[in-house]
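If you check TrEMBL, you get these features:
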TRANSMEM  12-29  transmembrane segment
TRANSMEM  35-52  transmembrane segment
TRANSMEM  64-87  transmembrane segment
TRANSMEM  151-178  transmembrane segment
TRANSMEM  212-236  transmembrane segment
TRANSMEM  242-268  transmembrane segment
TRANSMEM  280-299  transmembrane segment
TRANSMEM  305-335  transmembrane segment
Amino acid sequence: MAPTTDLTKTLLSVLFMGLLAAISLWVLLPFLPAMIWAAMIFIATWSTLLKLQHRFNNKRFPAVLTMALLMTALVIIPLTAALFSLISNRHVIVSGLQDLANTQLPPAPDWLEDAPLLGPRIAARWNELAATAPQDLIERAKPYIHQAFEWIVASVGSITMLVVHCILTIIIASIFYSNGEKIAQACRTLTRRLAGTRGEEALQLAAQSVRAVAMGIVGTALIQTALGGLGAGLAGVPHAGLLTAVILIFCVVQLGPLLPLLGAVAWLYSQEQNTAGTILLGWAVAVGLMDGFVRPILIKRGADLPAVLITVGVLGGMISFGIVGLFIGPVVLAVTLRLLSAWMTDNSEPTVFKRAIERAPAPTLPPEINH
């Protein structure tokens, strides 16, 4: 009876701990987005905190306070200002869409037809769209515009809750900064209990993935936003600040800066500013193609991970989990790939099936087979 009693106690303990974990997650659910963002920022910028702490004579509090102010100035304020700018200028967006319905796209420039590779195809498609009535173009795009609008509304949500989550992110990240060593030790202990040395390797890989995403995705988005907004401002596009906010959101969600800048190019052509429109078009294409070589460089600086894995993880994570999936997707894929690779190549430990076969009693054969 003793083995049965021990098994019952173990099962009840596991069920009880699972119930407590589920209730705890339910209680923390309203704060989960802020906690995930704070954890990502904490992991990506931990080395920066240590450098600041060294400059403050190894005092943690001034370094944490400085990091909180930097997060507010570099992350929270720009994103919040971008969303506020979109909301406060909604009448400008509506007016622009109404004007777009009556704007005829001009023919493709001559240089585009002479461009190598895809130039003739793009010019032919451009001229086809230019020959189409604006109302027909709007009618074709209506389903996509409606879906995009619903997605934006669902992602942005209430601006009040966004501000609250931003404040919570700063507070929680500051708490993580203050107790960084204890949190790291607790995570190492947990992963060691779950998967031994492989668990620690997976934890290290997860941290590297977060740094790679922060440097590759976010860094590229900021560079493209700055260059795209600069080009639009120099080209004389009205409401360049609003356009920059739209570019930032498009870059963060991995849609790239090309679509907003093409809208600015179309407006310049509609105002017969062909030279400025052509220059901005070339600038937009160059800025849009930057992520092809800038992002891999930044990713390699963060971690030795395949750029394809990071990109697929970012896109899949965002589709599955929303904006926070920007970090969750690459981390899950990278850790899964590493653990699966280690499990398939490691021959130092017998597999579950091999242990079962070794422990199984030898089969009893019929007498006629034995003889």
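Note: Cβ is positioned from N, Cα and C throughout, glycine not excepted.
Since this is a predicted model, take the numbers as computed values, not measurements.
In terms of C-beta pairs under 8 Å, the stretch of 35-52, 280-299, 305-335 lying closest in packing to the transmembrane segment (212-236) is 280-299. Below 8 angstroms of C-beta separation, residues 109, 212-213, 215-217, 219-220, 223-224, 227-228, 231-232, 235, 237, 256-258, 261-262, 264-265, 268, 305, 307, 310-311 of the same chain, each at least six residues beyond the ends of the transmembrane segment (280-299), sit close to that stretch. Only residues 6 or more beyond the boundaries of the transmembrane segment (35-52), in the same chain, are considered here, and those with a CB under 8 A from a CB of the stretch are 28, 62-64, 66-67, 71, 75, 165, 168-170, 172-173, 175-177, 180, 207, 210-211, 213-215, 324, 327-328. Residues 33, 36-37, 40, 155, 202, 205-206, 208-210, 212-214, 216-217, 252-254, 295-296, 299 of the same chain lie 6 or more positions beyond the ends of the transmembrane segment (305-335) yet place their CB under 8 Å from a CB of it.
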